[in-house]
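According to TrEMBL, the protein carries these features:
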type    : residues                                                     : note
BINDING : A:R42                                                        : L-glutamate binding site
BINDING : A:A76, A:S77, A:W102, A:T153, A:D172, A:Q195, A:N237, A:T238 : pyridoxal 5'-phosphate binding site
DOMAIN  : A:5-349                                                      : domain 'Aminotransferase class V'
MOD_RES : A:K196                                                       : N6-(pyridoxal phosphate)lysine
There are 2 protein chains.
Amino acid sequence: MSRKFNFCAGPAALPEAVLKQARDEMLDWQGKGLSVMEMSHRSDEFVSIANKAEADLRDLLKIPANYKVLFMQGGASSQFAMVPLNLGGKGGTANYINTGIWGKKAIQEAERYMPVHLAGSSAEVNGLSRVPRQFEIQTSTDAAYLHYTSNETIGGLEFDYLPTSDVPLVCDMSSDILSVPTDINQFGLIYAGAQKNIGPAGLTLVIVRDDLLDQAKAEIPTMFSYKVCAENASMYNTPPTFALYLSGLVFDWLKNDVGGLEKMADINQRKAAKLYAAIDANDFYSNPVALENRSIMNVPFRLADASLDKLFLAKADDAGLLNLAGHRSVGGMRASIYNAVPEAAVDALIEFMNDFAKTRG
Amino acid sequence: MSRKFNFCAGPAALPEAVLKQARDEMLDWQGKGLSVMEMSHRSDEFVSIANKAEADLRDLLKIPANYKVLFMQGGASSQFAMVPLNLGGKGGTANYINTGIWGKKAIQEAERYMPVHLAGSSAEVNGLSRVPRQFEIQTSTDAAYLHYTSNETIGGLEFDYLPTSDVPLVCDMSSDILSVPTDINQFGLIYAGAQKNIGPAGLTLVIVRDDLLDQAKAEIPTMFSYKVCAENASMYNTPPTFALYLSGLVFDWLKNDVGGLEKMADINQRKAAKLYAAIDANDFYSNPVALENRSIMNVPFRLADASLDKLFLAKADDAGLLNLAGHRSVGGMRASIYNAVPEAAVDALIEFMNDFAKTRG
């Protein structure tokens, strides 16, 4: 067995310690004679796994008591409908900030359920994209909520500040949740697909303030209801138990191996800083994002000579650096350097990039 | 490590060979240097895994070319809304046969979207429950579809025939899919949560006839649309990749280790027959279902002296026979003997039951 460095944008690398524990417990969890996958979700054993996962997550993010933690299914794409269906029952307009492909998808789905007001957009300034500044965000007078995407995975565009508004702030935090400490109190609702910084695909995390559970539209499917999910402790029906178990192992790793989100943020900022520095130091590479909005999770970059893209990817693959192709909609390269991507992976990538530029560039 | 016999109703036992392969490949799938969980769902490697899973399933169930296989999320409980939302766009009435708790839940959700006509119900005859006979099923004149639950997991009540109707037949096959060969051509739509005979919780299988993809209601969430799912080969967004991989291993096991569904059916019928025979042979035990509708997957039974229930469960647990408690809504006992529960488990259970009745009964 030889593990390689995996820069996949998602489903993404998981901590090796987590995979090893899952492997070791695969046929027999803690001497109980069965796999976690084979447990009733209502068994004492599984409920203890789920409770510990939630407690560790609450601890990591310092989630206040008046917020519910929900483990759902369907990814962020399902949240695109769940948000207007859960928050739109009292009428009003859905306000969205559009900073890229995911924000746009969220808007398109919301438009099917509510009038949507575009409260702000990303823009290009001197060829570099940036998110709108706080003063540029204009919510409508009847805003039910304000939605934004804290980190655009494809564009590599991340908010460097927390937009404020007098209506509930809703955030798609799929690709940067748990990368740095977050002040949950500033939000009405946070959601995130698991497959970047949480665990395997198939689990969706929702953190929602209590007072927002009572404004759903009548036509909401029961399984889309945050309130039903909250009232049933995420077990209205069978949850994706193994994905939840693995996410719990990730939370435990973050808390006890890494030492919490401040430490994780230090590591993430160091990884991102050195990778951007390598890009900036070499004319052969470029990144299209304004300095202050460069994502610390997803680092898109282009080669000066795009005809070398395929060679770059093939050589990187040979060097054990996997999944560096940019999203199919934009091309180029992208290194996703989530929590579980070790600093050694970034160091190896930088060395490879410098070498490639020298020999081929 | 010592594996025990697991009679859980779901999430249920998985084939040991599948768990071992998943364990062995956990950190490095086939020398690629990463876990299946860490692969892009659009990578060649994962697409090959997904394609093989679908091909093996099509082969096992002899699924005709005019049926789509969809891998979705949210369990059967999400299907309870998806069925009326996808099939109700042309108006008409949703027809349901109610044979237990799951059928009733399906009806309650459908009523939120369409008028529902009760086309038939289970009944008690001489203290034994049975499903309605074909002649008792009365669909409404404007039926959009006829929905039934082929096996009620909690009641242990299974259809011994395939209801026919001149409208599309929709079946919740969550707890008996793949237990016997099925003539897919008789159905408009079949759905099943994975966590009994398919794989881990978090994946939902849908098999739908092509011509039913164009009658969705306007308000359907994009992620609930069979059509969108079909047009994107179950990858409109990130699917639950690891659950799909494991399900593929189960399909491969069914095909190549077991030898197909005819052989699986023989084993299942033998397991069920000997367990029911043991119940019938001993006055200490009873099963509340008419002979012809006894489930070959879920075998509920009661002790003559219910005050011994807790002792029975504790002793069974000591004997390595896990999860024999009946559903919390009905009490008593239930042995779920899905595909992955080996015949040796049933033999051990029968021996235990006989011994318990002799010494305590």
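Heads up, the Cβ atoms here are built off N, Cα and C, so glycines get one too.
Here the features listed in TrEMBL are placed on the structure.
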{"residue": "A:R42", "record": "L-glutamate binding site", "Cβ contacts under 8 Å, 6 or more apart": "A:M235"}
{"residue": "A:A76", "record": "pyridoxal 5'-phosphate binding site", "Cβ contacts under 8 Å, 6 or more apart": "A:W102, A:A106, A:D172, A:S174, A:Y191, A:A192, A:G193, A:T204"}
{"residue": "A:S77", "record": "pyridoxal 5'-phosphate binding site", "Cβ contacts under 8 Å, 6 or more apart": "A:K105, A:E109"}
{"residue": "A:T153", "record": "pyridoxal 5'-phosphate binding site", "Cβ contacts under 8 Å, 6 or more apart": "A:A9, A:G10, A:W102, A:S174, A:S175, A:K196, A:S295, A:M297, A:N298, A:H327, A:S336"}
{"residue": "A:Q195", "record": "pyridoxal 5'-phosphate binding site", "Cβ contacts under 8 Å, 6 or more apart": "A:G10, A:P11, A:A12, A:G75, A:A201, A:G202"}
{"residue": "A:N237", "record": "pyridoxal 5'-phosphate binding site", "Cβ contacts under 8 Å, 6 or more apart": "A:M223"}
{"residue": "A:T238", "record": "pyridoxal 5'-phosphate binding site", "Cβ contacts under 8 Å, 6 or more apart": "A:H41"}
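Of the recorded positions A:W102, A:K196, A:K196 has the largest number of other Cβ atoms within 10 Å of its own Cβ. All chains included, 27 other C-beta atoms sit within 10 angstroms of the C-beta of A:D172 (pyridoxal 5'-phosphate binding site). Chain B comes close to none of the recorded positions A:W102, A:T153, A:D172, A:K196, judged by a C-beta to C-beta distance under 8 angstroms. Overall, the recorded pyridoxal 5'-phosphate-binding residues A:A76, A:S77, A:W102, A:T153, A:D172, A:Q195, A:N237, A:T238 cover a maximum inter-Cα distance of 31 Å. Mapped onto three states, the DSSP output places A:R42 (L-glutamate binding site) in coil. Confidence for the domain 'Aminotransferase class V' (A:5-349), expressed as mean pLDDT, is 97. DSSP gives A:T238 (pyridoxal 5'-phosphate binding site) a coil state; it is part of no helix or strand. In the three-state DSSP reading, A:D172 (pyridoxal 5'-phosphate binding site) counts as strand.
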